[in-house]
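Take a look at the structure set out below.
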Amino acid sequence: MWWGALSLLFWVPVQAAFLKMETVTVEEGQTLTLTCVTSQTKNVSLQWLAPSGFTIFLNQHPALKSSKYQLLHHSATQLSISVSNVTLREEGVYTCLHYGSSVKTKQVRVTVLVTPFQPTVEALVLRRQNGEKSVVLKCSTERSKPPPQITWLLGEGLEIYGELNHEFEADGKICNTSSMLIARAYGKNSTVHCIIQHEGLHGRKLVAPFQFEDLVADQETSDQETSDAPEQSSLSSQALQQPTSTVSMMENSSIPETDKEEKEHATQDPGLSTEASAQHTGLARRKSGILLLTLVSFLIFILFIIVQLFIMKLRKAHVVWKKESEISEQALESYRSRSNNEETSSQENSSQAPQSKRCMNYITRLYSGAKTKKSAQHWKLGGKHSRVPESIV
């Protein structure tokens, strides 16, 4: 916690008595030494911060558990540390803080140099239909920071520049550099040197010689086999499309030329099979890429139409199903209401049937009783009438 609190002091505005910015340049793989000195001797604490803002050392106490950071010297007035095997990750601004009656700040900007590799020279012989020949030279070096300077040293000490090409890697810091030169005339014993100059070399130069003697010998051998095929050591056909410098070289002299028309003619001559092949390959790739893109677009369009038709069919089926479900629900409700009505009427009929039957029985009994009574009365009256005449007589 207290390491973090002390690290945050770097980002908070402080009352700095002085602010110094030093610049230190170190080569990749070497050891970086950082020294912080103060004139105060009492109640002083010294702290080194990494470019990321984290504490490296507070007095003699290490804060980062890394073997790259070592304590060289600590006293009341000095704190010296070292960073071993420096890489591009260690590049940036390091800060020293003096904690006393006031906070003093010292900053050191560290720049890491990456020295280039030993250069290599490649050659390509171009032969045109009219019999003229020229040699394309390419000098390449890899992995440097900053980009190096490449020159060509001709036979009698004449140093010229070629056409530079820088290609940076993904980090945007490391650079791969090449230089191209066209030799339109040269002798069998001529020699050309590719020279690399860089800050990390401290005045030294990286030199790669190229002798035309070997090229002429190979050329004579190839002339016996075929007179029209171009000879290539290890240079790709794409390199021919880049603009290059043109020179003429003889055995004991070197004269620079700047004939743009001949250079363009040598580069764009349709008789060169390598260039024609490269153009044909590029055109074929472009056509195949366009055809593939068109086919993919057409397939995506067809798939989109199929999906839309499927969605429309699904919606139509859903509407039909919804209507059918509504009709079935209405029929079910009607059937249920009809069943309820029939049950109610049947229950009413069943409840009225016993009552009517009892009424009929009651009426039948009354009728039979009344009939019996009437017949009895009639019989009595009949008996009386029969006896009256006899008494009268």
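Cβ atoms are placed via backbone N, Cα and C, with glycine included.
Because the structure is a prediction, the values reported are computed rather than measured.
Under the heading compositional bias 'Polar residues', Swiss-Prot lists 247-256 (among others).
Annotation comment: Swiss-Prot describes 270-280 (among others) as compositional bias 'Polar residues'.
Sequence-distant neighbours of C36 (disulfide bond): residues of the same chain at least 6 apart with a C-beta under 8 Å from its C-beta are L46, W48, Q78, L79, S80, C96, H98, K106. Taken from Swiss-Prot, the feature disulfide bond covers C36-C96 (among others), and the record attributes it to sequence analysis.
Residue environment of C139 (disulfide bond) contains 24 other Cβ atoms, counted within 10 Å of its Cβ in all protein chains. The disulfide bond annotation in Swiss-Prot covers C139-C194 (among others) and is backed by sequence analysis.
The domain 'Ig-like V-type' annotation in Swiss-Prot covers 17-111 and is backed by sequence analysis.
Annotated N-linked glycosylation site per Swiss-Prot: N85 (among others), in sequence order, evidence recorded as sequence analysis. Sequence-distant neighbours of N85 (N-linked glycosylation site) (same chain, 6+ apart, CB under 8 A from its CB) are G29, T31, K68. DSSP gives N85 (N-linked glycosylation site) a coil state; it is part of no helix or strand.
Counting every protein chain shown, 17 other Cβ atoms lie within 10 Å of the Cβ of N176 (N-linked glycosylation site). The feature N-linked glycosylation site is assigned by Swiss-Prot to N176 (among others), with sequence analysis given as support.
Annotation source Swiss-Prot lists region 'Disordered' at 218-280 (among others).
According to Swiss-Prot, the region 'Disordered' annotation covers 333-356 (among others).
Taken from Swiss-Prot, the feature transmembrane segment applies to 290-310, supported by sequence analysis.
Within the model, the domain 'Ig-like V-type' (17-111) shows a mean pLDDT value of 88, rounded to a whole number. When secondary structure is read from DSSP and collapsed to three states, C36 (disulfide bond) falls in the strand class. Shown in sequence order, P119, V121, L137, C139, I150, T151, W152, L153, S179, V207, A208, P209, F210 are the residues of the chain, 6+ apart in sequence, with a C-beta less than 8 angstroms from the C-beta of C194 (disulfide bond).
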